[in-house]
Structure formats: structure tokens, C-alpha cells
Amino acid sequence: MAATGAEAADRSLLEGAAPTGDASYGATGSQPSGEREGQGERPRMSPEEVMAEVMRNADEYKRIIWNAFLKGLAPLFAEAMGTFVLVFCVGCAVTSPTPSPWAPVAIASVLTVMVYATSNISGGHLNPAVTFAMALLGKKSWSSVVSYWLFQFMGAFSAAAAYKIVCAPHLAVVAPVPPFHAGYAIGTEMIYTGLLVFTVLSCAVSKRNNPPSDPNQFFGLAIGFAALAGGFACGHISGAALNPAVAVTLGLGSGKDPHWALTWFGAELAGATMGAALFRMLRANEFASGEEAPEAEGEPPVPDYKLRCLAEFVGTFVLVLTVGLNVVSGSRATAYSAAAVLMCMICSVGDISGGHFNPAVTVAVLLSGREKILRPDAVRYVGAQLAAGALAGLVYAFYHLGSGVADKSIKLVPGKGYDTTQAALAELITTGVLAYTVLTVATVKDYKTRDVAGLVIAFALTGGSFAVGSVSGGELNPSVVLGLVLGNAINPGTGPVLNWMALLTCEFLGGMVASGVFRFTHRKEFMAPEDKETVKGLNEEADEDVEAQS
């Protein structure tokens with residue numbers, strides 16, 4: 001059968017014939033030699049001429065190749081150096097005669113410094129568990145995980161060798177800290193490694209927490225404070241390595257029970273998985289695609305109330321658990337540890353729920369008006385916070401039973417020489433100060449405290465806790481009171497009901513008083529924009545105008 005014109009054209013293309021006329025599939029038709037000459041085509045260079053050209057530009061080629069090489073290695077060397085400094089500090093801090101309460105402070109300080117120093121080069125991981133979590137979330141390729149781990153462990157082993165020279169014959173040992181057995185230690189390594197990883201992801205990786213136009217500057221502080229919280233909470237239980245580069249190198253280098261180093265490695269990777277899963281759960285919209293993906297610019301959408309309540313639950317749980325673990329492990333820095341975990345959780349999920357983690361604070365925000373929180377949401381928040389406190393109390397009770405004070409009941413009673421009235425009044429005043437601080441630095445308009453709000457609130461908790469700790473215990477939070485009461489009930493020994501009920505009631509009253517004081521001191525927050533311009537004492541320009549008219 002004779003082929004049609006179209007079929008003949010297709011066949012000619014398949015057979016390699018050049019098209020004619022208007023057809024063009026990338027092939028060029030024959031051109032007269034005159035046209036090719038008119039285009040000034042560059043003559044082909046001989047091999048000798050090519051080599052001569054390369055030699056003339058050798059320096060430029062070397063510079064390009066060298067810069068590309070250094071650009072690829074810079075992040076890896078930054079990770080190696082940062083991990084070296086961190087592990088060296090850990091080794092020296094835990095083996096030196098430095099008082100133990102200051103060892104977590106030293107380690108957290110160095111971690112904060114090195115995160116800021118290397119974040120713009122490598123991301124400031126300095127922890128194989130962080131890199132592992134990044135890969136789980138698709139934020140890093142698995143091939144880059146291998147290279148990061150190689151250099152992180154290279155820096156860590158070098159640091160372990162250096163610290164052994166400096167601190168010999170004293171060596172750091174990675175193992176459960178008596179009287180706690182392996183189960184307790186593995187549990188705390190998982191929980192607080194998860195907290196550290198979750199803080200890194202939420203503060204340094206989250207798109208919502210780092211808008212393109214105004215990325216946060218608190219990420220390094222939050223990461224350091226997460227390590228500080230874990231150091232005090234589980235340092236007397238597991239040693240608080242919270243980092244495979246620390247656990248493996250120091251554990252294997254000690255020569256004692258090296259299997260614990262590998263056990264800690266597995267526990268920390270499990271904790272990293274937990275932290276990554278929680279991050280993905282709370283920030284699912286950051287992994288959405290298509291129509292569900294968040295807008296790149298503009299105000300991000302308000303999270304669903306379920307996510308906000310989950311954020312409040314998680315933050316309150318780790319806060320109450322941290323207080324409980326400090327108590328049962330005999331820590332002398334409970335207030336520091338509680339303030340540190342409060343700060344890192346405010347920075348981590350404050351953009352989701354507001355970061356209350358305290359029923360008294362939620363009541364204060366509700367009563368302060370301005371629709372900062374609606375009544376149904378406030379009820380949900382308080383329910384989530386109290387439920388989290390109760391669950392943390394049960395976990396705390398489990399650790400209490402395995403501690404060196406298992407035969408003692410830790411009761412919520414006034415300190416020696418004080419009565420219930422004094423303790424309740426102390427809690428009312430200090431909880432009111434904490435709630436007032438939250439209202440003034442985290443809920444007011446046009447006040448640039450975004451990057452320091454968590455730190456300021458943590459200072460308020462630290463000051464209040466230390467100030468009245470010997471009088472009332474310095475809980476400053478109904479969820480903490482509930483968690484400690486339930487935990488002690490299991491031992492058993494809740495103490496007189498009147499005592500802890502008085503503390504609970506006065507903490508709520510403290511939140512109410514704070515809202516009233518706030519309404520009085522921050523009139524501008526409750527006025528219409530047109531009224532603010534004519535009221536003396538609200539802004540400098542209005543004051544100058546009033547004085548000029550008088």
C-alpha cells in the first residue's frame with residue numbers, strides 16, 4: 001500500500017533523512033557554502049592549541065576547583081570542630097572537681113555558642129541524632145547523613161583523646177547512675193534527646209517559626225536551654241549524654257562497660273525518632289503539598305485547636321516531669337531546670353499555642369481580654385494542661401520508686417518554720433508575677449520581645465521559684481502541684497489535703513490578680529486607636545501636643 005505524505009515524512013525522519021521545506025525537528029538542512037562562510041564560524045583548534053589555552057588559564061581553573069572543594073568541605077569541618085569543642089567540654093566538665101550543679105551549665109553554654117558559630121555554615125547539628133532526625137523528615141539526604149556522621153564522630157573521638165590527656169587519670173563513664181537501673185536511664189535518654197531534637201527542629205528548621213522576612217534569633221539559646229533542662233533532670237539518672245557523639249566516644253574511651261555506649265546510641269536515636277514524629281505531627285502543614293501547603297508570604301493560618309491543645313499538653317508534660325525528676329534525683333537546681341525547659345518549649349511551640357503550659361497563665365490571658373484566647377479554647381487549654389500534669393506525675397512516681405528516696409514520701413507541705421497561710425500567699429504573689437510577665441512580654445501589641453519573651457518568662461519562673469522555694473516549694477503552676485500530688489499518692493503520702501488545695505487555689509488567684517494589674521498598667525491595650533492619640537501618658541507625641549497647648 002502506498003504511504004501518505006505524513007507517513008512518508010515520519011518514515012524519512014526515522015530513517016535519518018533531513019526534513020525539507022518548513023519541517024524542523026532540530027535537524028538543519030543543507031546550506032550553501034557561502035552562507036556558512038558569512039557567519040564567521042570559528043576554526044577548530046588543534047590539540048596543541050587546546051592544551052596551550054588550558055595552561056594559560058590554569059590558575060583560574062585551579063581557583064574554581066579549589067573553591068568548590070572548600071565549599072563542600074566547609075560544613076563538614078564546621079561539624080567536626082563544633083562537635084570537638086562540645087565533647088571536650090563534656091569530658092572535662094564531668095570529670096573535673098567543678099561542683100556538679102555547674103557542669104550542665106557549662107555544657108549548655110558551649111552548645112549554645114557552637115550552634116550560633118556553625119549554624120550558618122553547616123546548620124549547627126553537632127549531634128548525630130539531630131542529623132538523623134533531619135533525614136527522617138526529608139530535610140537532609142541519607143548520603144549527607146553519612147558524611148555528617150563521619151566528621152561528627154571524627155571530631156568527637158579527637159576530643160575524647162584530648163580530654164583524656166588533660167584530665168587523666170579521671171575518666172567519664174557512660175552507664176546508669178545508681179540506684180537507678182538501665183530501664184530508668186534509657187527512658188530519660190530517650191525523652192530528653194527527643195526534647196533536644198524537637199527543640200532544634202521547631203526553632204531552627206520550622207518554616208512557621210522562621211518566616212523568610214524575619215527568621216528568629218533565639219534558636220541557639222533554646223537549644224542550649226533544652227540541654228540544660230535535660231542535664232539537670234536526668235544527669236543523676238543516665239548521665240544526660242543526649243548525643244551519640246558524646247555517649248559513644250566517652251563511653252568507649254572509658255574502657256568500662258563499653259556496651260552501655262552502644263545502648264545509649266540506640267536510645268538517643270529512638271529519642272530523635274520521637275522528636276521528629278512529634279514535630280511532624282504538630283507541623284503537618286509544613287509537609288503538605290498543593291492547596292494544603294502554607295503560603296510563603298503573609299500571616300500564617302491559625303493552627304487547629306487540637307494541635308494547639310496538643311502543644312500545650314506536650315509542653316506541660318515535659319515541664320512537670322522535669323520538676324519531678326529533679327526532685328527524685330536530688331538535684332539542687334530544680335528551678336534552673338524547670339525554667340530552662342519552659343523557655344525552650346515556649347520557643348518551640350509558642351507560635352502554635354502561645355506557650356502557656358500553666359492553667360494560671362491561661363486564666364490570666366483569658367481575663368486580660370482582647371480576645372487573645374477565647375473561653376472555649378481556655379477551657380480546653382486548662383484541661384490539656386491538667387491532664388499532662390497528671391500523666392507526668394505518674395511517670396515521676398515510677399522514677400520515685402526506683403530512686404534512693406523510694407522509702408520517703410515527698411509531700412507538698414510548707415517549709416520548716418512556715419505555715420499554710422504563708423505558703424499560699426507566697427504562691428499567689430509569685431504566680432501572679434509570672435502570669436503578669438507573660439501578659440506584658442508575650443501578649444501586648446507592638447512590643448518587640450519575640451526573640452527574648454521565652455527567656456524573660458523563664459527568668460520570672462527562676463526568680464519566683466528560688467525566692468519562695470523554702471516557704472512553699474515554689475511550684476507557681478497548678479499542673480505542677482497536681483502532678484506532684486498524684487505522684488506522691490502512689491508512693492503513698494499526699495500530705496494534708498488542705499495544704500496542696502490552698503496552693504492550687506492561690507495559684508489560680510495569682511493569675512486573676514495579674515490580669516487585673518495588667519488592665520490597670522496597660523490601658524493602651526484596651527483603647528480604640530483614635531483615643532490613644534489624645535490621652536496623656538500613652539505616647540510621647542500626644543504628651544508633647546498637650547503640653548504645647550497648655
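Placement of Cβ uses the backbone N, Cα and C atoms for every residue, glycine included.
Now, the feature entries from TrEMBL:
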{"type": "REGION", "residues": "1-46", "note": "region 'Disordered'"}
{"type": "COMPBIAS", "residues": "34-46", "note": "compositional bias 'Basic and acidic residues'"}
{"type": "TRANSMEM", "residues": "72-96", "note": "transmembrane segment"}
{"type": "TRANSMEM", "residues": "102-121", "note": "transmembrane segment"}
{"type": "TRANSMEM", "residues": "142-163", "note": "transmembrane segment"}
{"type": "TRANSMEM", "residues": "183-206", "note": "transmembrane segment"}
{"type": "TRANSMEM", "residues": "218-241", "note": "transmembrane segment"}
{"type": "TRANSMEM", "residues": "261-279", "note": "transmembrane segment"}
{"type": "TRANSMEM", "residues": "309-328", "note": "transmembrane segment"}
{"type": "TRANSMEM", "residues": "334-367", "note": "transmembrane segment"}
{"type": "TRANSMEM", "residues": "379-401", "note": "transmembrane segment"}
{"type": "TRANSMEM", "residues": "421-441", "note": "transmembrane segment"}
{"type": "TRANSMEM", "residues": "453-472", "note": "transmembrane segment"}
{"type": "TRANSMEM", "residues": "497-518", "note": "transmembrane segment"}
{"type": "REGION", "residues": "531-550", "note": "region 'Disordered'"}
{"type": "COMPBIAS", "residues": "540-550", "note": "compositional bias 'Acidic residues'"}
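Between the transmembrane segment (334-367) and the stretches 72-96, 183-206, 218-241, 261-279, 497-518, the greatest number of Cβ pairs separated by less than 8 Å involves 218-241. Here the transmembrane segment (142-163) sits apart from the transmembrane segment (453-472); fewer than 3 CB pairs are under 8 Å, leaving out pairs fewer than 6 apart in sequence.
With Cβ pairs under 8 Å as the measure, the transmembrane segment (421-441) is packed most heavily against 497-518, out of 183-206, 309-328, 453-472, 497-518. The transmembrane segment (183-206) and the transmembrane segment (261-279) are in contact, since at least 3 Cβ pairs between them lie under 8 Å (pairs 6 or more apart in sequence). Panel annotation: around the transmembrane segment (72-96), residues 102-103, 106-107, 110-111, 114-115, 117-118, 121-127, 147-148, 150-156, 158-160, 162-164, 166-167, 170-172, 239, 241, 243, 245-246, 249-250 of the same chain, lying at least six beyond its termini, place a Cβ under 8 Å from a Cβ of the stretch.
By number of Cβ pairs under 8 Å, the transmembrane segment (102-121) is matched best by 218-241 from the list 218-241, 309-328, 453-472.
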